[in-house]
Amino acid sequence: MMKKTFLLVGLATALSWTACQNQANKTTDTELSDSSFAGSIDGQEMTLFTLKNEKGAKATFTNFGARIVSLWVPDKEGNLTDVVLGFNKAGDYNNPEEPYYGTIVGPFGNRIAKGKFTLDGEEYTLPTNNGGNTLHGGFKGVHFAAWEGKQDGDNKVTFSYTLPDKNEGFPGNISMTVTYKLTDDNALEIDYTATTDKKTVVNLTNHAYFNLNGEGSGTILDHSLQIYGDQYTPVDSTLIPTGELATVKGTPFDFSQAKTIGKDIEQQDEQLRYGGGYDHNFILRGDKVDNLNHAATLIGDKSGIKMDIYTEEPGLQFYSGNFMAEKVTLKNGKKDAFRTGLCLETQHFPDAPNQANFPSTVLEPGQTYTTKSIYKFSL
Ligand code: BGC
């Protein structure tokens, strides 16, 4: 399996974190302590935001990375189950070894080859934080940013952040907003916007790790998954797309009919070897539901919880938690054991700035990037 290394360069000085990191953990199965998410980062006050709907579903967020901290939805017995992995103190998210729990990644989600791309003849160089490539916006990206958060009623919260020009190597002051809405039909809707004052590239997504049987309830290998796409983008050994759009037919990547994640994951296959399992972008077929692409259906085998993903994005990164290695302790005291969570990230394709045949991720001054993804829960 490819070894993942995150370097710490610059991070310790980039963040000034004060207060509340060593609060006693008074979290119970259903309660996170507000004070464990308070304090200030880079002068921005931190808060734990809680959304609720009339059916009793509940979601919590921190403005550190505009992250989802927890998401409670009913299982087949009617018990609320926390289906998103995370930590019970904001400070635990400040971990360069495993920085992506629940977070927004950007300004460019997934990889840019060798940290380089060219716009209008000018080459831009980004910090490389992953095997010689740039992953998820680099060392700090927006996941370690202190976003401003504003809650609007019981079911909506908006986070805003401007990434200063060239701060992470990307051109332009890139102003982003992310709005999470918990609807009464148990859907978490995520709306993203971005504007820039210089031509740049943008590809925002959310990096929640899901386990529909509940955080800490074992591996996701018996979850059933269907992805509404017939092609995927194969990668080289550093997980950069080769540029090919390959059919999933006859390969372990065929999720066009529902199957368990574990069914083919151990097959001898070069692509699975490169990813250490699934870590690939699927091209969505464009099956429309209310004008959005139906991206995937995931079902927890024990809980019966079903999650449907709908999106305006053309792609979906399926990452089967291959690098989870019991390095961190989750909210309920369990370790992040191998493949006990998975990510389904709606997105434009990885390395799009360097691949002319992929849908464009260029954002020009005067344009507004908008995109929507919905994670809908039912039984
Ligand atoms: C990437 C993986 C990476 C993971 C980090 C995923 O989006 O595709 O390669 O290891 O994020 O948690």
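Using N, Cα and C of the backbone, Cβ positions are placed for all residues, glycine too.
Noted in TrEMBL for the protein shown:
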- His207: active site, proton donor (ACT_SITE)
- Glu345: active site, proton acceptor (ACT_SITE)
- Asn110, Arg111, His207, Ala208, Tyr209, Asp279: beta-D-galactose binding site (BINDING)
- 1-19: signal peptide (SIGNAL)
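Largest Cα to Cα distance within the recorded beta-D-galactose binders Asn110, Arg111, His207, Ala208, Tyr209, Asp279: about 18 Å as a whole number. With the fewest other C-beta atoms within 10 Å around its C-beta, Asp279 stands out among the recorded positions Asp279, Glu345. Annotation for His207 (active site, proton donor): spatial neighbours Tyr100, Tyr101, Gly102, Thr103, Ile104, Val105, Gly109, His136, His143, Cys343, Glu345, criterion Cβ-Cβ under 8 Å with sequence separation of six or more.
Highest Cβ count within 10 Å among the binding-site residues Asn110, Ala208: Asn110. DSSP assigns His207 (active site, proton donor) to coil, not to a helix or a strand. For Tyr209 (beta-D-galactose binding site), the same-chain residues 6+ apart in sequence whose C-beta sits under 8 angstroms from its C-beta are Val84, Leu85, Tyr101, Gly102, Gly321, Met324, Gly341, Leu342, Cys343. Residues near Arg111 (beta-D-galactose binding site) in space but far in sequence (CB under 8 A, at least 6 apart, same chain), listed by position: Asn130, Asn133, Thr134, Leu135, Thr238, Leu239, Ile240, Pro350, Asp351.
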